[in-house]
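Listed in TrEMBL:
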type	residues	note
DOMAIN	D:19-521	domain 'Cytochrome oxidase subunit I profile'
TRANSMEM	D:18-38	transmembrane segment
TRANSMEM	D:58-84	transmembrane segment
TRANSMEM	D:96-123	transmembrane segment
TRANSMEM	D:143-163	transmembrane segment
TRANSMEM	D:227-250	transmembrane segment
TRANSMEM	D:262-282	transmembrane segment
TRANSMEM	D:302-323	transmembrane segment
TRANSMEM	D:344-364	transmembrane segment
TRANSMEM	D:384-404	transmembrane segment
TRANSMEM	D:416-436	transmembrane segment
TRANSMEM	D:472-495	transmembrane segment
TRANSMEM	D:526-547	transmembrane segment
């Protein structure tokens, strides 16, 4: 078989191109550390998602000094959580699974992009250096509302980021000669200790207590308020921890006896 | 005519994608063209090609190269 | 077939490797294509792709796996 | 020396039927394409966005399955009979495969189109709003899957028909080289048999029993992988007839001869070997498949560039040969000596030019990690509208301008209009595909009725999203104009009975003929075995690892109707919110 000299040139050129393309991609993988989503994430049956200790309550978890895990549940037609907040300068690993059909988890304008296949957990890690607000969309057709499927990823300055949760347990009513117990549970999802102040404002009074919540745990702070100092009537109260507040109303001096119902309120940011 | 009518048509068609992306390339050199300006540039190139094509050919056929 | 050229359909002895026909125009076009491909590849990989950070990277645990 | 219809009137009738069937699907697919392009760019939205996905399914399946393959079987029938110079062995077999393909295609088309009309009488909801890829657990009506299977079986029988004809030719000509056109048909069909095994298993073993309720669950990653095992070689199945026409017709139309018969054989052998063990490059971003398998798929895919690169040289050199025989000179000015007046030539040459551009975006798609940038973005449809949407579709349309006179004995009606048609296609696709690539790079997704989001936008860099949308819509409109012209020319030619077309249905002998090709190239048994071995190497470990731990039938994954009729009949927004609320 004789091949014309010019075609031989081109054959060599073509092989150079092919090898160069493979070499570029290999450089991206080995030199720059770009990894493909693979089978590291493991599998999960769709009906196990609700009971899973992380996917059951999807969200952000700190796992190292600047490392976070984000569990995301994709479904027709949305993501839970629908807004993900992470700090700048962090290495974030997303774990994404689907409870129904195939979706994608695609952070718009970035190379953070994976298919989300029911039964599979997609695990992808990326470094977020700058504060930025990204959109997240589904780029795999998933049904009639596919185009409505979106979420947001907020990369916030480190100083604005925490994983604090506040829950307050307080009675709705208390007798005039009794004490009202207001208990604030402060949960710290970060690994570092959280030094903060719990403030209760009730009526005209303000009570503060400093608290240190160890990493990945919670602390209760209980304020005992003498109902007599508040006087009969309705009193608004507010518990504040950093940017988180809880408010409700306490009624003093009703004639009803017996235990009043506790009003439980919980809020996450 | 230096090229056949059909050949000219193909040549003009070839100008279209070049004109569309000319803007993108020029933006690299900080030259920002509006849509209207790109259209005008494209029309100018097309006019130039038409003028070139309809002029009588010179003696040497190599002048027909673009 | 054109009679104005040396090569006619009757010229069946015409073989590649003979000097009668060198596809120099093809080599020119394909050379241009080669250059365009190289430039476009560099642009797309190094500017569009690598400039589109953040990018999925190997986590600490999986780094050093298959590359 | 006479026309095809003179030599093989009965075969010509079948080829004509196949072409006309393919044109009907082309027309339908084209209309849906226009609706889509106007809907997603928000220039004209006259239907509910849920219906967009019905339109998209029809556009995809009609064009890339029905239009391409019906045309292909026509071309292959022409190629085998012309190059072997004998009719098909048994026309009853020919009628059988044409019947199977038509029945299967019709069944699938009915299920897809019923997505517009609601429940059918007696049969109930027939819809199949699952797109061309029918990823489980999206579920279509079983008739959709059955239609696809019957259609594919039809193509299998067609392959058997051609191979049988080749075998009986072989008996009469024991020592001759396989004629190049037949060689191309047979290698392509062997590739097709290997490739369709994947989709046949996916449907018959897993999806069909599951959609009939006989099996409770499906393994989405497995059916997906089996789909792409078929899904990449299928693009070469569309492309091979286009390549064949470039190799056989372009040199002839340019007044030249094929540069090298042996290299053409090498190219088709490489496609047989490498088309299938590459499908995982469509799954670079799939969880559940390890990076090593993806890397292997990339390496194979990159080497699959080689036969296309070789084709580019060989075909252009053959055209140049013709141009120089017609007085062309210089490095580039010989291009002016090409027969641009001939719509068959111009269309195929422009198709080849666009394929060079589509080749580039294909190289990007083949790259493993760069896939994060482009995966499932509008870049991908931008790419395949250059490849299947132009390299294949425009070549077929241009080819029709040459074939139809051969098949009817009628002269082509209006050559200038036909040339204009191919040029308008080129311009329209330039606008549409280029803007799609650009939109993909800024993250705009494909397969979406409304790529406009509530809480974020796309950063277009140079220009704006609105301009990109305008280019896409303008391109789509021009493509529609081009299609209309095509159908006018085809219809007028088909009824142009008064004219007398007498050009010979002959292929000029190559400059370097089969005698220069090593005998081993014709050893199809060897290449088939090698192709199977490569497939086993590429797929056995990934499939084993997918089945391991998930099971053949997956972890309780139930069918999901992507567009229940209740949704279409009520206001979409309200229903979407309602469903979302319920799931939460």
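Positions of Cβ are set from backbone N, Cα and C atoms, glycine also.
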Worksheet item: So, do the transmembrane segment (D:96-123) and the transmembrane segment (D:18-38) meet, by the test of 3 or more Cβ pairs under 8 Å (sequence gap 6 or more)?
Response: yes
Discussion item. Can the transmembrane segment (D:344-364) be said to touch the transmembrane segment (D:384-404) if we require at least 3 CB pairs below 8 Å and skip pairs under 6 apart in sequence?
Written reply: yes
Worksheet, complete the sentence: Spatial neighbours of the transmembrane segment (D:143-163) not adjacent in sequence (6+ beyond its ends, CB under 8 Å) are 65, 69, 73, 76-77, 80, 88-90, 93-94, 96-112, 123, 126, 128, 130, 134, 182, 185-186, 189, 192-193, 196, 199-200, 203-204, 207-208, 211
Item to complete: Sort out the residues at least 6 away from either end of the transmembrane segment (D:416-436), same chain, that have Cβ-Cβ distances under 8 Å to it, and list them.
Response: 37, 340-343, 346-347, 350, 353-354, 357-358, 378-379, 381-383, 385-386, 389-390, 394, 397-398, 401, 467-469, 471-472, 474-479, 481-482, 485-486, 488-489
Item to complete: Check the transmembrane segment (D:18-38) against each of D:58-84, D:227-250, D:384-404, D:472-495 and return whichever range has the most CB pairs under 8 Å.
Response: D:58-84
Discussion item. Do any residues, 6 or more residues outside the transmembrane segment (D:227-250), come within under 8 Å Cβ-to-Cβ of it, and if so which ones?
Written reply: 64, 68-69, 71-72, 75-76, 79, 133-135, 180-181, 184-185, 188, 191-192, 194-199, 202, 258, 264, 267-268, 271, 275-276, 278-283, 311, 314-315, 318-319, 344-345, 348-349, 351-352, 384, 387-388, 391-392, 395-396, 399, 402, 507, 539
